Structure formats: structure tokens, C-alpha cells
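Take a look at the structure set out below.
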Amino acid sequence: MEANHQRNDLGLVALTMLAQYHNISLNPEEIKHKFDLDGKGLSLTAWLLAAKSLALKAKHIKKEISRLHLVNLPALVWQDNGKHFLLVKVDTDNNRYLTYNLEQDAPQILSQDEFEACYQGQLILVTSRASVVGQLAKFDFTWFIPAVIKYRKIFLETLIVSIFLQIFALITPLFFQVVMDKVLVHRGFSTLNIITVALAIVIIFEIVLSGLRTYVFSHSTSRIDVELGAKLFRHLLSLPISYFENRRVGDTVARVRELDQIRNFLTGQALTSVLDLLFSFIFFAVMWYYSPKLTLVILGSLPCYILWSIFISPILRRRLDEKFARSADNQAFLVESVTSINMIKAMAVAPQMTDTWDKQLASYVSSSFRVTVLATIGQQGVQLIQKTVMVINLWLGAHLVISGDLSIGQLIAFNMLSGQVIAPVIRLAQLWQDFQQVGISVTRLGDVLNSPTEQYQGKLSLPEIKGDISFKNIRFRYKPDAPTILNNVNLEIRQGEVIGIVGRSGSGKSTLTKLLQRFYIPENGQVLIDGHDLALADPNWLRRQIGVVLQDNVLLNRSIRENIALSDPGMPMERVIYAAKLAGAHDFISELREGYNTIVGEQGAGLSGGQRQRIAIARALVNNPKILIFDEATSALDYESEHIIMQNMQKICQGRTVILIAHRLSTVKNADRIIVMEKGEIVEQGKHHELLQNSNGLYSYLHQLQLN
């Protein structure tokens, strides 16, 4: 009745769903009591105020259909008749709109005509204040500004060294001018000796300062590199499970590896070339003093470099994008192939995999070659401009010398100064591919660093878990356009109770435990532990107090002891051994040559499946969690290992709430209560013998199948 009553107020339903989308929990009845004063549903003003009270930033706008693809989705399409609905995605290529019908509680795909018929032009954009803060800290080139400010002292030292280098670069041409115009004409050997010694001193200082600048600059950029690498890894581990489930492993690895491109850019010569270019204005002033005409030729060449770069850059960027996509495909396929090597060999499909790899590799090489060709064209274009300017300057300079407007020494000095101006431009133009590549890398890496992490609403300082669990009116789906996985699930689990959950595959058993671990926030309803809403809890606080054993567990390439004591490396050995005994792992560990110091190999490859599973069980037990989840944990065990664990089950369950998910009913028959699920709903619950009395029930049917 409560759900139906809320369904009548589609504005309240929409607010609930959008709040859950932004990881914010709310009590619909409380919102209704505060803001629906006349009982007719939330008005537009009341809706905006209610959103503000939930720390949501909501904005009512009017937007033409042709511009809907530019707004942040999901958003609420507000209708004056109260028939509001959610706009989830705009497919501009096919003119389709993915919406969520709040009245029917189901996603819908509307054509252009269908959407135009129901769209009245009003939209409410919703973002969480946490996401707004996140946007302000968005990772792009501006991310490096605070880093530069942080190390401003070091960069100031680099700037001072650069000034001295430019002064030395300015002095050298003047020495050559004096030699040409004075020394050679007047045969001044003493002056020549003095200039030679002075020039040698300048060269020595220039070499020392240049090396010092490179050292200081590399030292500071290495610090920034370390900060970025540390930030990236911390952020990666704090991303929600959904991020990894929606992306290929190889694609994520490829994006992380883009850090290498940024690192090479920071530690290379590109940024020092930019510094050198900034000092070109001083050289231009001196060059103008020598010859305004020759200086205008140099100045006139600069727009040519810029226009050439503007012409090449968009094409180069597109081809770099294509190259990255092909590289990411190769990375993903390689990771998939290596991790699936047992299946590949068992099914003898190596030729098919090789054929696929050859095609993907050919595609990557082709895209890489196109990038190289275009980069070469860009560099040769720069060389053409440079050579053309050199020829013009030679012709014009010779005319000025012949006419007496310029001496030979001044012409040589001018050419040396122009070289100091053009050299940074040439280096930057030749490094333009690196600039484009690092821009792509920042964008790709930004996909990781700009993805929202698991948010901690309120960061409540909650006490130690006791073990009472409550699922209230839970409705959940993994994506807005995906089918409902859990539908109106209500379940109370008392502290210390052992609960078995059974049902067909896809009935929602494992999804319940994922909600309990706060991997996801339910679309509707609340998950409570000891009366505390998990949507408001710190996920790390929660997960440290829940032990989980899955059907397929991953062990790290460390010793058995380190794997068991993963959450606390300094854990006493006695606790490790006790947990191993409870899990039935101590005996086989003791028989190993290195015992608990045995390295298990990557993902536990050095152990059998049953041995890996028992170590995983010991790892879940070692922290003495108040809530323990066994998700098909014994299905991979042989009967002897399972028998050992089942014998210890009473000790394992003592003093904690236990949830056993299993297909084999023998695993759960001794549970205090058995929950039977079908199509996302609880259809039966009771003890083993009670459920068998219902001969028409699903549990009896599954039991009969296993007996047969």
C-alpha cells in the first residue's frame, strides 16, 4: 500500500530514484510530510526545496529537444499534468530517447515523434553537491596548476637559471660581431685573445647552468609524477564496483598506462622549450635594433608555424584517438587471452585467437603508421617554413650588407639571434605530436580520475556491528534500462542467526549480499545494519566487519600467511593458524615445504581449487567478523574438505550472523531459517523440514531434483 501511495506522486518517486542515483538515502514519508503540505503531491517549488534539503543541487530549466543531448543526465522531465518521467539517455544517431516511466516503473525507448508528443519543454537537472565539488577538481591540464604553485620555489629557480642562459645566448652573437667587424678589420690579436677567453667562460657557464636547469626541472617534475601516480592508484581503488563491471580490464589498464605519456612529457624538453620561447621578446628587441626589415621576416614566419599547426592538429588528434582505441583493444584482448589460457588450450582454439590477434594487430599498426606519416608531414612542413625564411633572410641580408645598411658582423649576429628565437619554435613544432599525445592521455586518464568514487554520505561514526540486518522494500536493478533484479524484498535477520538463501540462478541471491556490502545503493528501500542505513555509512567501516567468501576467490602472489592476514599484516600467528584450522586448511598447509610462508603464485596458481577456497575462508574468518557471507563458498570443495568445514560450521557461526548462499541444499539444511527466492522475490521461508512439508513449493521441487 505504501509503495502504491508513493507511486501516485510521481514527483516523489522521481526524487527518490535520483537521490539513490547520487548515493543519497531518503525516507519518502518524511519528505512527503515536510513538503507535500496539501496532500496533492510535490509542487515544482516543493520538489526543488526537497532536493535542496537532501544536499542535491536541482535547477529547473526550459530546453529545446534539439539541445537535450548537451545536458547532464539523468534528469527529470517535469509535466504540468503530473505525468513526470526520467530522461536517462539521448541517442542522437538514431533519434531515440531512453526514458524511465515512473508510472509503470519500467524503462522505455521512445522515438523522436513519441518523445515530442509527451515533452513539454521543462527539465529539472539534478547533481549532488559532492559531484559539483568534484567537477571543480576535474582532472585536465588545470590539475597541474596547484602542483606548479606547490613547487613554485623550484620552478622559480628554474626560471632564474633560464634568464641567465638567455643572457649568455645573447652575449655570444655580440662576441662574433665584434670579431668580424673589429678584430678582423684592425688585426687586433690582443682583443681576439680576450674575446676568446670570455667566450670560453660563457660556454662553460652555459653548459653548467643548462645541466643544472635540467636537473632541477627533472627533480620537480618527478615529484609531480609521483603525486599523480599515487593519486591515480588511490582513486582507482576507491571507484565503485560498477565502474569495473562496465569496463574491460585491458581498457582500464590502457588508460592507466597513459600516465607514461604524461611522465615523458613532463620530464622531456618540451616545457623547457616553452620557457626559452618566452624569452624571445628580448631577442626580438635586439634583432629590431640590428635590422627591422629582417626582424619583420622572422615575425612574419611565426603565423605560418601557427597556421600549419592549426591545420595539422585536428587530423593528428583524430588519428591519435584511433591509435589509442586500437591499442586499448589489443591490451584488452591480450589480458583476456592470458587470463583465459587454460580454456584456450583445453578447447584448442589457439588458431582462432591468433587470427583475431593478427587482425587487431594489423589494425593497430595501420593506425600507428597513419599517425607517423601525418607527424612526418607536419615536421617537414615546419622545415619548409624554416628553410624558406633562411633563404629570404640570406637574400635580404646580403642586399643590406652590399648597400651598407648592415655590416657582415651584424648579419652573422642577427642570424645567430634569429636561430635562438626560431629554435624553440622548431622544437615545439617538432614536439607537437607529443603535445597532442599528452592531450589525449590527459583525457583518457581523466576518464578514470574524473569518475566519482564511492561517496560517504555523512561519514557517520557508527559503533561496532552487532549483526542485526534488515532489508526494507528493496527494489534494485543494475542499470536504468536493465530488468529488475530485486522487487519489493523485505527481510529481517536477527543477530547471531544463520540464514540460508536458495533459488534458481538469476533469482537475486548474490545481489542481496552486494547491497549488504554497499557495493550498490538500492533503487528503492533501505538496507539497515543494527538500525543504521548503509547509504549513510562509511563503506570501509562496513566491509572491515563483514567476512565474505565467494565461489571464485582471488589470492595474491604472496605467502599463505600474508594472504590470510591480508587486512592486518602484523596479525599474530596464533590468529592466522586458528582461522586456518576453522577453515580446514591447517593440515594441508603444514604439509607444504615452506608451510605458511609458501608463495601461492599469481591468483593462487600454485594451489588446487579446494586449497585456494579454504585459504579464502580462513581469510574471511581471521578478523572475527560479526557478519559472515558464504556465496557458494563450498561448491568448489571436494567432499572431504566440505565435510571438515561443515563439522566446524558450529564454531564458525558462533557469535556472528551468517548468510549461506548455495545451490546444494545440503549446505543450508541446518540453517536457522532458509529463504527461497524466485525472480527477485522471496517466495518461501522457514526451516528445512517446514519447507519440505509444502510439496508444491519451490524448495521441495529443488530438493526432489537433487535427490533424483
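Note: Cβ is positioned from N, Cα and C throughout, glycine not excepted.
Quick look at what Swiss-Prot annotates:
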DOMAIN    1-126  domain 'Peptidase C39'
DOMAIN    155-437  domain 'ABC transmembrane type-1'
TRANSMEM  159-179  transmembrane segment
TRANSMEM  192-212  transmembrane segment
TRANSMEM  270-290  transmembrane segment
TRANSMEM  296-316  transmembrane segment
TRANSMEM  389-409  transmembrane segment
DOMAIN    469-704  domain 'ABC transporter'
BINDING   Gly503, Arg504, Ser505, Gly506, Ser507, Gly508, Lys509, Ser510  ATP binding site
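For the binding-site residues listed here (Arg504, Lys509), the lowest count of other CB atoms within 10 A around the CB belongs to Arg504.
Scored by C-beta pairs under 8 angstroms, the transmembrane segment (192-212) has its highest count with 159-179, from the stretches 159-179, 296-316, 389-409. In the predicted model, the domain 'Peptidase C39' (1-126) has a mean pLDDT of 79. Sequence-distant neighbours of the transmembrane segment (296-316) (same chain, 6+ residues past either end, Cβ-Cβ under 8 Å): 284, 287, 371, 374-375, 377-378, 381-382, 385-386, 388-389, 392-393, 396, 418, 421-422, 425, 429, 432-433, 436. Residues 176-182, 290-291, 293-294, 297-298, 301, 415, 418, 422 of the same chain lie 6+ residues outside the transmembrane segment (389-409) yet bring a C-beta within less than 8 angstroms of a C-beta in it. Of the listed binding-site residues, namely Gly503, Gly506, the sparsest CB environment within 10 A is found at Gly506.
Counting every protein chain shown, the Cβ of Ser505 (ATP binding site) has 7 other Cβ atoms within 10 Å.
Across the domain 'Peptidase C39' (1-126), DSSP classifies residues as 50 helix, 34 strand, 42 coil.
Of the chain residues outside the ATP site list Gly503, Arg504, Ser505, Gly506, Ser507, Gly508, Lys509, Ser510, Met677 have their Cβ within 8 Å of the site's Cβ mean position. Cβ neighbours within 10 Å of Ser510 (ATP binding site), excluding its own Cβ and spanning all shown chains: 17.
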